[in-house]
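Asker: Please see the structure below; I have some questions.
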Amino acid sequence: MAYQTFRQEYLQVPPVTRAYTTACVLTTAAVQLELITPFQLYFNPELIFKHFQIWRLITNYLFFGPVGFNFLFNMIFLYRYCRMLEEGSFRGRTADFVFMFLFGGLLMTLFGLFVNLVFLGQAFTIMLVYVWSRRNPYVRMNFFGLLIFQAPFLPWVLMGFSLLLGNSIIVDLLGIAVGHIYFFLEDVFPNQPGGGRLLRTPSVLKAIFDTPADDPNYNPLPEERPGGFAWGEGQRLGG
């Protein structure tokens, strides 16, 4: 009975979110079971381009460290904001969502050549948080009951939290930078005088991932749901 319930809930998770979070969990499990080691996964330009260990371009986004608080914290954020984006502004646009993944990953990898980071998954999560927060500017967040702020400040609050924990903020800054570039090119520049869409999803991705249009009478889940870790509540201003 429990298995059937879990399976049903698992299959209700949108496909991109399901695939990415599952890959992250399975990669961490494989490391915990010592089937593989982090040394086989991390981002190393020399091993990638000189020794053709191409898999590192992907695996460095799948490992968030050993099971512990940091891993659970990142998994909750990754799952939550990835799912809210996929069910919200990217609903019915799976190909566009996959293209955002590819664009963000490519840009982050290029930036990763100039910063000393061996795993980019946490920065990628911050990118997702940033895009969601900018597309939901009127959602109000509550941080541990101490801070109340609007969603666009969430990535910066998380960066401050990382700083308090003694972590490097390079990860957060990289995620914010890539998220802002995507948001600007996709949401801001096309609406400027003389602007236009510079990011166009390749037709091959649309052919693979896009499905027929949803039932027009379907009432989708609102994207403006509570945001953040278990410390937060979100609601619309004026609501």
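Glycine is treated like the rest: Cβ placed from N, Cα and C.
Automatic prediction, not curation, is the source of TrEMBL annotations.
According to TrEMBL, the record shows the following:
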- 229-239: compositional bias 'Gly residues' (COMPBIAS)
- 217-239: region 'Disordered' (REGION)
- 54-79: transmembrane segment (TRANSMEM)
- 99-132: transmembrane segment (TRANSMEM)
- 139-158: transmembrane segment (TRANSMEM)
- 164-185: transmembrane segment (TRANSMEM)
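Walk me through the surroundings of each of these features.
Answerer: Sequence-distant neighbours of the transmembrane segment (54-79) (same chain, 6+ residues past either end, Cβ-Cβ under 8 Å): 17, 20-21, 23-25, 27-28, 31-32, 38, 40-44, 47-48, 105, 109, 118-122, 124-125, 128-129, 228-230.
Under 8 Å from some Cβ of the transmembrane segment (99-132) lie the Cβ atoms of residues 16, 20, 24, 38, 41-45, 57, 60-65, 74, 77-78, 81-82, 84-85, 88, 90, 151, 154-155, 158, 170-172, 174-183, 186, 199, 201-202, 205, 223, 227, all in the same chain and six or more residues away from its ends.
Among residues of the same chain six or more beyond the transmembrane segment (164-185), those with a C-beta under 8 A of the stretch's C-beta atoms are 100, 103-104, 107-108, 111-112, 115-117, 120, 122-131, 134-135, 155-156, 158, 198-199.
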